[in-house]
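Student: Quick one: structure below, then a few questions.
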Amino acid sequence: MTATIIDGKAFAGTVREKVAGHVARLKEEHGITPGLAVVLVGEDPASQVYVRSKGKQTVEVGMNSYEHKLDADTSEADLLALIDQLNNDPAVHGILVQLPLPKHLNEDLVINSIDPAKDVDGFHISNVGLLGTGQKSMVPCTPLGCLMMLRDHHGSLSGMDAVVIGRSNIVGKPMAQLLLGDSCTVTIAHSRTKDLADVVRRADIVVAAVGRPEMVPGDWIKEGATVIDVGINRIDAPEKGEGKTRLVGDCHFDSCAERAGAITPVPGGVGPMTIACLLANTVTACCRANGLAEPEGLTA
Ligand SMILES: NC(=O)C1=CN([C@@H]2O[C@H](COP(=O)(O)OP(=O)(O)OC[C@H]3O[C@@H](n4cnc5c(N)ncnc54)[C@H](OP(=O)(O)O)[C@@H]3O)[C@@H](O)[C@H]2O)C=CC1
Ligand SMILES: Nc1nc(=O)c2c([nH]1)NC[C@@H]1CN(c3ccc(C(=O)N[C@@H](CCC(=O)O)C(=O)O)cc3)C=[N+]21
């Protein structure tokens, strides 16, 4: 079987169009412009690229973007003071603190200081608990983007065997919760999983969120399975010239595509959907904050 390629970049475009429509309506009918604040501590180059593209897309859909760049040695008290200010700013509907944070900052403490209603990453313990109990919450952007692509491709996911490789709080665990919410039979694999190949071979849906370049080979993939590759790994590409690099996923694309029914590419798969879902969450947060009906099809 040769897989259908799930075009996350194109899908993200349709999500952004919907978001832009809601933003326009909020402005015209209610005089409200949704605002997203992004906080970046330190100068990690990959994070800078990512934050810049978020800011650009935020403005493109008509929302206000507020970027706060803090020195790598910013104190926890100063960061918490900024978050408090953003929590109390009525022009800010969504707050994202770029992770990972420098080592001297307590990530849990920082995340849990964000107003859960503005926590567009869905990382606050309150949102994690709401998601785990099937209540309305802010849903983490990367897993939400993966779910949207899966639903779009399959319609119902009910009864499918899903394997999530990776158990991080930002991808693996919330992904598993969403798949469970859609009535999949869910297995979460990780670095201590005994026979990963065997576990993956059972799956109708494989979500790989590990951070190891091309670690999943095609012969682990059940014929016709859907492969969602969350990994974004930059590796050397000497074939492109001296010092050049390229991005690859956690799955070996060519061999997986030979067996899968559908697969997301890297780049152009989950990454663009993540940013589109961040914008979607910001509109959702803005509607909720103003007691307005929230947009349909943009949440889980
Ligand atoms: N597209 C996007 O928008 C996003 C992409 N990413 C990318 O997704 C990947 C994962 O990110 P994140 O969840 O933050 O990563 P983490 O490093 O937090 O988690 C990685 C997980 O993979 C597991 N793991 C590590 N080695 C193996 C192995 N050999 N076999 C099985 N499992 C293993 C770890 O297991 P254990 O818990 O036992 O250590 C851990 O649970 C990265 O490439 C990252 O860049 C991340 C966020 C967003
Ligand atoms: N609080 C917080 N929330 C996050 O959601 C978050 C974070 N911190 N820290 C880092 C990770 C990583 N992440 C990406 C999102 C989009 C792309 C993306 O759009 N990637 C493009 C390629 C970009 C390129 O060319 O470098 C693609 O896959 O096509 C990548 C990575 C969000 N993260």
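Any Cβ shown, glycine's included, is placed from N, Cα and C.
As listed in TrEMBL for this protein:
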- 6-121: domain 'Tetrahydrofolate dehydrogenase/cyclohydrolase catalytic' (DOMAIN)
- 140-288: domain 'Tetrahydrofolate dehydrogenase/cyclohydrolase NAD(P)-binding' (DOMAIN)
- Gly166, Arg167, Ser168, Ile232: NADP(+) binding site (BINDING)
Student: Could you check the binding-site residues Gly166, Arg167, Ser168, Ile232 and say which one's CB has the most other CB atoms within 10 Å?
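Tutor: Checking each of Gly166, Arg167, Ser168, Ile232, the winner is Gly166.
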Student: Mean pLDDT, the domain 'Tetrahydrofolate dehydrogenase/cyclohydrolase NAD(P)-binding' (140-288)?
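Tutor: Mean pLDDT, the domain 'Tetrahydrofolate dehydrogenase/cyclohydrolase NAD(P)-binding' (140-288): 98.
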Student: Out of Gly166, Arg167, Ser168, Ile232, which binding-site residues have CB atoms lying under 6 Å from ligand 2?
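Tutor: Checked binding-site residues vs ligand 2; flagged Ile232.
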Student: Of the residues in the domain 'Tetrahydrofolate dehydrogenase/cyclohydrolase NAD(P)-binding' (140-288), how many are helix, strand and coil by DSSP?
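Tutor: Split into helix, strand and coil, the domain 'Tetrahydrofolate dehydrogenase/cyclohydrolase NAD(P)-binding' (140-288) gives 62 helix, 30 strand, 57 coil.
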Student: How do the residues of the domain 'Tetrahydrofolate dehydrogenase/cyclohydrolase catalytic' (6-121) split into helix, strand and coil according to DSSP?
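Tutor: Taking the domain 'Tetrahydrofolate dehydrogenase/cyclohydrolase catalytic' (6-121) as a whole: 59 helix, 19 strand, 38 coil.
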